[in-house]
Each structure stands twice: as C-alpha cells, then as structure tokens.
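Trainee: This is the structure I want to talk about, given as structure tokens.
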C-alpha cells in the first residue's frame, strides 16, 4: 500500500515557528487564551510570553488577547472552529496537569515529558521536593525555551533536566545520560504527540516507555481509534479550512502536511497488551465535565477520541493474536533540510513485515 499525504521527511527538524514546532506554539497560544478566561481551567503564566518570544504575529495577538478565537473563525464553517479548538486545549492541559499531580501524590518523584515543546509544567506546577522532571524535545526547541524562561526570570519548581533528542530515534540513551533512573517509578506523558509519529515510531516509543518503567509507573496520552475513510476525509477538510484561515493572517500551517493518517496500533490497546491498567475518558465527556458544550455529532469525525491514564502492573511484553503489528514503512528520502510542498512523503508497506509476528527490540535497549 502506498500512502502519500504528508511533507514530513525522515529525520526532519524544526524550530518553534515552523513545521511540527509551530503546533507547539499554537497550543501555547491556546493555553494563554485559556488562562485569560473569566473562569480559567488552567493557569499558565508563561504561555503568553513564550508565544510572544517565538514571534509568529497571529499567535502573539491571540495569546495577548488582541485577537480572539472567534476572530479567526469563519462563521460559515462552524465545524472548523478555533473557539472549539481552544476549549479542547484548555481541557487537555488540565487533564495532564492533574495526571502529574495525582502521580506525585502516589509517591512518584521521576517525571518524563515527551515532546515537551513550550510546556512549562516544570516551572508552574507545585512539585514535591526531590521531584526530577525530564523534558525531551528537539535541540532548537529546548534551547529556545530554556533561554527564554531564564530571561523572564523564571525558576523551575522541580529539578528540571533537559534532554535534546529526536523521539523517532534513540532517545532512551540521551535520557539515561541525563540521569534517568529506570529502577524508580516514573510518570510519563505523550501529550499531542503520537499522530506526529509514523506508526512504527509510535510503537517503538511505547515499547521504550514500557521497557524503561517499573511496576506502578504511570503514563498519560491520547488514544484515537483508526480513521474510517469518510472520517479521514472530513478531518482533512476541517484542517484545510483552518489552514486557509491561518493563511489569511499570514501564518502558513496546514496540519494535513504534518500528521500521519493511515492505520496504526491504537495506543490504548497497545498499552493494555503490554501490562498497563488503563483508565479512559472520552473527549466529549471531559468537555462536558469542565463546563463546555460537547461537539455536535456532525462536528466530530473522531467520536472515539479518549484521554488515557495508565499504571504499569506487569513487566513483560505480550503479542495477542488479535493485534496486528504496525505496518512497516520504507521511507522515500526527501531533500535534505527541505520541506517543499511539492515533495510528498511516500511510505510503502514492507511485504516482509506482513509476515512478521514479533516487533524489533526498541532502539537504545538492545543488548
């Protein structure tokens, strides 16, 4: 099967104003908007100055309140609403904030934030003494955030340790070099991350998290059921509408070019098969619980979108007969350091992988 639809290249990199990095800035702008709400769900005092420092004009104006989410929306396209997206990110941020605080109340003092972007939890949450927070992301992202927060006079509320690594590669080695202790229970998060990874990279990441965790470790992420064809079409249409609205404000960001569609192992099932005890809540229910209207049915191409928190019970891998390995993709090389819209990212299923029943060992954890 040939799959084309992303301009992502194997090993591509970014800063906070381009490609995947720009989505981190967009999410930080949403957190700034949520912080300014009349009855805020969250308080991220660093979101607005971080967005301002990145320098994307429309996101700075949204973060500062000069523009509102409704200013961005097209009234004739209510299904592609920046207002609803801002509500979603407020609820999501609160979910992960509470996940980490619950983990520390259970005695966990080691935290790993995967793809931390402009996440400022190491500075704004009330971590107990002796808590170590590891943040992993691309070098340009981590350098920018660390420098900007230092210039703001911000001080971490935990022992913050920066890990610069690509989550598609051997990040466990870099994490270990920063002092990570695999004998201690850990609270992990993969917030807004997995759909930006190719299917095999997602599985490797979850395998690595499991291999580096002892029982009673915790993990939080989102789990999305695989797209049905008509759902994918509607999601792509919504992303295109939002991209056109962003372009009207001088911001060129099209999520269609950044996320990976196509079948993959569903994270919740994958974690359960590998010894994690799951607690799930639908996005719709979490919106309602926090005082927002749920999406109307016709708005939602992904009704099976869950927030997942998990606790590791057993430390061994399973390969149930009902679970197929993720497709193995051969990556067609893109031009080096180029994200040209004319250069599609093509992936071809490996026939050899279809006959495989055992996943390869995680990178960085081989003997």
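Every residue, even glycine, has its Cβ placed from backbone N, Cα and C.
Bear in mind that the values here come from a model prediction, so they are computed numbers and not experimental data.
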Trainee: Looking at the S-adenosyl-L-methionine binding annotation from Swiss-Prot, with 166, 167 already listed, which candidate in 137, 181, 203 is the matching residue?
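Mentor: Only hit among 137, 181, 203 in Swiss-Prot's S-adenosyl-L-methionine site, alongside 166, 167: 137.
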Trainee: Most Cβ neighbours within 10 Å: which of the binding-site residues 137, 166 is it?
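Mentor: Most Cβ neighbours within 10 Å: 137.
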Trainee: Specify the secondary structure state of residue 137 (S-adenosyl-L-methionine binding site) as given by DSSP, simplified to three classes.
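Mentor: Once the DSSP labels are grouped into three classes, residue 137 (S-adenosyl-L-methionine binding site) ends up as strand.
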Trainee: So which other residues, same chain and not among 137, 166, 167, have a Cβ within 8 Å of the centroid of the Cβ atoms at the S-adenosyl-L-methionine site?
Mentor: 114, 115, 136, 138, 165, 168, 169, 171
